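So that you can see what the record holds, here are the features copied from Swiss-Prot:
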- 1-17: signal peptide (SIGNAL)
- 18-443: topological domain 'Extracellular' (TOPO_DOM)
- 59: N-linked glycosylation site (CARBOHYD)
- 134: N-linked glycosylation site (CARBOHYD)
- 164: N-linked glycosylation site (CARBOHYD)
- 171: N-linked glycosylation site (CARBOHYD)
- 212: N-linked glycosylation site (CARBOHYD)
- 233: N-linked glycosylation site (CARBOHYD)
- 261: N-linked glycosylation site (CARBOHYD)
- 297: N-linked glycosylation site (CARBOHYD)
- 401: N-linked glycosylation site (CARBOHYD)
- 444-464: transmembrane segment (TRANSMEM)
- 465-806: topological domain 'Cytoplasmic' (TOPO_DOM)
- 498-775: domain 'Protein kinase' (DOMAIN)
- 504, 505, 506, 507, 508, 509, 510, 511, 512, 526: ATP binding site (BINDING)
- 621: active site, proton acceptor (ACT_SITE)
């Protein structure tokens, strides 16, 4: 029976892996009037039907044909006719939910209507995404390498039900387009990761995630070592793979590999890349003495736009080698290590099995607006491979949207797209079965019967294998941490804490114990509970804390990762957490200068996390329990279990779950109606923390006098006190004028920080400036309210920095 199941399973995998992709949606629109339906490849193009045109199409546009055909190589379809726009013009395409290829065809020349594309500039949007801004097709083709007279711009956009494509001519200009192509793609084709379902985040220890609100632009797609692969020879998505013979390559040889037998798999189906791509490659050469290859790299240079993140997909295939450790090399992107050990045979499981890996890298503007993204392959010698060689078959590079904008970096925050589908995705299923034993596979098969049971068995088995792979990836990260930090055994922690006898704190995460190292230094040891998700929290905390070094950030001294035992060792802080301090020291909590010093230190710590680290760290759980105080009442931010790492230029984050603590969690984290989640979420939590520090004692008094106050939104009556100028009594009758101004300044800063719309909140840079500056320089903020309208989200007040750095 088991053999039969495995046979059928392998048959299903084989069929699905080798089957070509058939897109659900295909639109080929030849814009303007034409009687020629077929292009050079035999594909059928249609004219613009009324159902996709706007009602004002006659007034907003007109059609025209080229004055004369300048180049014999320019195809008749779709380049000889064009739709020319006088004003904003929106096509509406009914499509199924999911990501779509959008290809725009341009032939910048003169047209019989008198229109000359030389003077044409246009901005293009799809739903909430800006794809092009003040774009000139004429200037683009003149700067193209290799030289070309026509142009195709390819984008990948997520769409719910309707793809609204808008062309907006620039001032005193007309706009045009010759052809529009829309093609669907397999679910999460560019968002789930490579064959291993991972996107390696170059320069970070945390894998990158692409959510359903991310658009991209294809900037390079290469058939490495071979000729161009045109649309009809792709694997069903009509992609064009260019040769890498131009400025992309430095060094290497391109061997001829005839009659290649490619064994596609479920991990790398046939639609990932056509056989033409895996049939060609570039290698380093020097076959007689590969030791010479240690003197140089196999290198490509790709011109890209600065200020964006890029998804780099690399395709690999080994035909002639058949054992692991024959060819092992390292991959570098942007002069950073992307993968230390790349052994195609070891990863794929055998010869003639294609695989592909995904990497994400941010390209800054240090080298100008159009820098080169460098890709290097170099032999790895430490494992003593049989050949000192490297190989590459294909490259795809996608520019990822920056807060909804693929054209330029802008500050305004955009509304999120609706979800792609209400159906469960494989990720949802993984969450449901996480932590279950393998007996679940047998139970499901028996429960639903042999027919549907086999299909369910296959799906669950694949998901279980994916989960095991992610578990192995976490263990690989721990090995990396061992090189940077002290790693303690559980027995050593038991000795340090004297059998965990001294408890200094408890929480939902676990218990914190006091202890002493062998040199006498006091430490705190946080032992995590053995709960679902705690491994991910542990990885987050170690990864975040290992990158920090600041007086207002708790110092990580080491960790333990032993089976199910996980613990973090950090410096011991004598005064415990801020909430413990405030409950123990009522007299000190009335000292305005003490509270101000603590608040300013916390602000500086958050400023460092957002702007001082190489990789921005968003904490997501700022609250009194996570602020520790040393003997001098110097505050230190701690507990990074919910933290998220991202590049500093990324103003918008992707969250798969709600994270934070009620009372301090930013509204956009649990409801997208308030805006997009970003580092501004920490700003909100800081504001609530400051107001809590200033108003905690006042809140107790008010609730004693008026029980109805407990049901009032806390900042409401704080704001009323600020308006009435009666906040003195919070600290008693003996408060000085200077202390009164400090208290008022803290309240004003706190109220600015808790504005419901993230774009209205100051950055932590600005918060520190406000805290250190004078009260007179501060404006009174609008009254925060959780009941906001759409207009509030789209507007910004005088302290807004648009969701980005100031």
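Heads up, residue numbers simply count up from 1 along the chain you see.
Each residue, glycine too, has its Cβ placed from N, Cα and C.
For residue 261 (N-linked glycosylation site), the number of other Cβ atoms no farther than 10 Å from its own Cβ, over all displayed protein chains, is 8. The C-beta environment of residue 401 (N-linked glycosylation site), restricted to residues of the same chain at least 6 apart in sequence and closer than 8 Å, consists of 129, 214, 215, 216.
For the domain 'Protein kinase' (498-775), the mean pLDDT of the prediction comes to 79. Non-local contacts of residue 59 (N-linked glycosylation site) by the CB criterion (under 8 A, 6+ apart in sequence, same chain) comprise 86, 87. Rounded to a whole number, the C-alpha distance linking residue 506 (ATP binding site) with residue 212 (N-linked glycosylation site) is 37 angstrom. The glycosylation sites considered are 134, 212, 233, 297; of these, 134 has the fewest other C-beta atoms within 10 angstroms of its C-beta. Looking only at the recorded positions 212, 297, 504, 512, the one with its C-alpha closest to residue 134 (N-linked glycosylation site) is 212.
Highest local Cβ density among the glycosylation sites 164, 171 belongs to 164, counted as other Cβ atoms within 10 Å over all protein chains shown.
Distance noted between the C-alpha atoms of residue 504 (ATP binding site) and the residue listed as 'active site, proton acceptor' is 20 Å.
Ranking the binding-site residues 504, 512 by how many Cβ atoms sit within 10 Å of each one's Cβ puts 512 at the top.
Taking the C-alpha atom of residue 297 (N-linked glycosylation site) as reference, the shortest distance to any of the recorded positions 212, 510, 512, 621 belongs to 212. Least packed by the Cβ count within 10 Å, out of the recorded positions 506, 510, 621, is 506. Considering only the recorded positions 171, 212, 233, 621, the residue whose Cα is spatially closest to the Cα of residue 510 (ATP binding site) is 621.
The distance from the Cα of residue 512 (ATP binding site) to the Cα of the residue listed as 'active site, proton acceptor' comes to 17 Å.
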